[in-house]
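Novice: Dropping the structure in here first, questions after.
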Amino acid sequence: MTGCCDDGPATGPRDLRERLRVVAVRGESLVVAADRASACAACAEAKGCGTRALMSMHRTDLMTIARPAGLIVAPGDEVEVAMSGNNLLAGAGLAYLLPALAFVVALALASGAGLSDGGAALVGGVVLMFSFLPLVLLEAARGCRGRCRCSTCIRGTADDGRRAAFRTGLALAAGLVLAGGVRVLTAPAPDVSETFYVFGTLLEVETHGVPEAQARDAMAVLGAHFRQMHRDWHAWAPGELESLNAAMAAGQSFEVDPGLAKLLQQGRDLACRSEGLFDPAVGGMVEAWGFHADTPPEAIRSDAVVAKLLAGAPKMTDLTITGTTVRSSNPAVQLDLGAYAKGAALDLAEADLTAAGIRDAVLNAGGGVQVLGDHGSRPWRVAIRDPFEWGVVGAVSLRPGEALHTSGNYERYFDRGGIRFSHIIDPRTARPMRGVVSVSVLSDNGALSDAAATALCVAGEEDWPRIAAQMGVRAVLRITDDGSIFATPEMRARLEAVEGGFPAPITVVDLPKDVAIPLCPEG
């Protein structure tokens, strides 16, 4: 195997190896998914390290490494990556030991020179600051990540202890942080875990209590289905949905896969129930604002552009779905399934795992978590991110089959003049939604939770309880841009305080009991 560092081949007993999934191939570089060991999170929980530590430990990040000449690899493959244990120890020393040692020595020398306590503290602070310079220089030279190398695609299993140590090293190197709206808190070491790259995000699946061969077979099925979803449901990449959008813009009907037809019908029904606040037909508005691209936009759209978007008036009820044939009466309709595709993907993944005989698993897609069964004697415990601070609002223990999805303005956005413009577009104004920072929805269906979270971000203060009731969701947490927190009685009863309490008082809002469910016109 090719050496990973400056000190020779990666074959010694101190070398750490890990099997990582390739999410992209960029010339002579590979983008791989690297996560911190679940065992670390379990240890942190047991020792009371705190929720923030747990959440920063248990997540996945992307890392770029060099691709050896001649290595043939494609997204979805797995590669063996090695890191020298010596380099890991050196990085830990630079990060933790050198600053502490430099500070203590500086204080001792300053005191010996007769400086006052204030002067000694000042000298120690300056020395402490400069003691981080070697670590900064190391990172500028790509740090530990630049010392990782891979040589071959594999399908084997690495030694558990060295896998855990390697993940810890990658976490140190990559500076992992909290991402997404929800995060699994209770995380014992999984029997089998896989990370997939779907819809521009990392989707983690962990199974428990089944033989590894059975779990690996199930993961292979999931991987194939996720790749198909990513290809067929992407609005701005070659695939079935892009072809459908082109056909509708030309006034033509289009034959789609039965799975996509079912998803579009579900989206149409949810759009009607939300009174159009959730509407996948506004992909043209998303594209006009630039949120379809990988990089965030930089400019506010003019009133003329917005007026043109509104004049098109695209909506899901413009669609007619007959079996697997789809057509639109409005050429302005451009479908973007991003507001509920992750939830729908988790629903399908849950069905795949159940069909494979797997009873206990957790699926984590950044802003959404869905669970099967539990992880022993305890339910899966999930944190809801505080959109204002580094921490969480609270935690929810999920029951088997439940899904918790969060949407908000804190992930994809740009700022102009102190105003945040998010990727969630209000179909009524053709502009990014305002006034709400995040909404979390708990239900027994991933697509419903995902879509409702988007709709309730857009809904106004007076309308959101009615919209929630119409969409059939009862457990909702809503945070506005002034920091106010609102929860339905069902969500308030499930929400658990962490880290000493909630970040703000929670106002309980009752949902109306008798609401008329809007019906979609036939089509």
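The count begins at 1 with the first shown residue.
Cβ coordinates are placed from backbone N, Cα and C, and glycine is handled just like the others.
As annotated in Swiss-Prot:
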- L277, F278, D279, D336, K342, H423, I424, I425: FAD binding site (BINDING)
- A339, D450, T454: Mg(2+) binding site (BINDING)
- 88-108: transmembrane segment (TRANSMEM)
- 118-138: transmembrane segment (TRANSMEM)
- 169-189: transmembrane segment (TRANSMEM)
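Help me picture where these features are in the structure shown.
Specialist: Sequence-distant contacts of L277 (FAD binding site), defined by Cβ-Cβ distance under 8 angstroms and a gap of at least six in the same chain, are D426, P427, R428, T454, A455, L456, V458, A459, I467.
Using a 10 Å Cβ-Cβ cutoff, T454 (Mg(2+) binding site) registers 27 neighbours.
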Novice: Measuring Cα to Cα, how many angstrom lie between D336 (FAD binding site) and D450 (Mg(2+) binding site)?
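Specialist: For D336 (FAD binding site) versus D450 (Mg(2+) binding site), the Cα atoms are 14 Å apart.
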Novice: Where does D450 (Mg(2+) binding site) sit in the DSSP three-state scheme?
Specialist: helix
Novice: Out of K342, H423, which of the binding-site residues is least crowded by other Cβ atoms within 10 Å?
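Specialist: Minimum Cβ neighbour count within 10 Å, taken over the binding-site residues K342, H423, occurs at H423.
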Novice: Is K342 (FAD binding site) helix, strand or coil when read with DSSP?
Specialist: helix
Novice: Find the shortest Cα-Cα separation between D450 (Mg(2+) binding site) and the binding-site residues F278, K342, I424, I425, and name the residue that gives it.
Specialist: K342
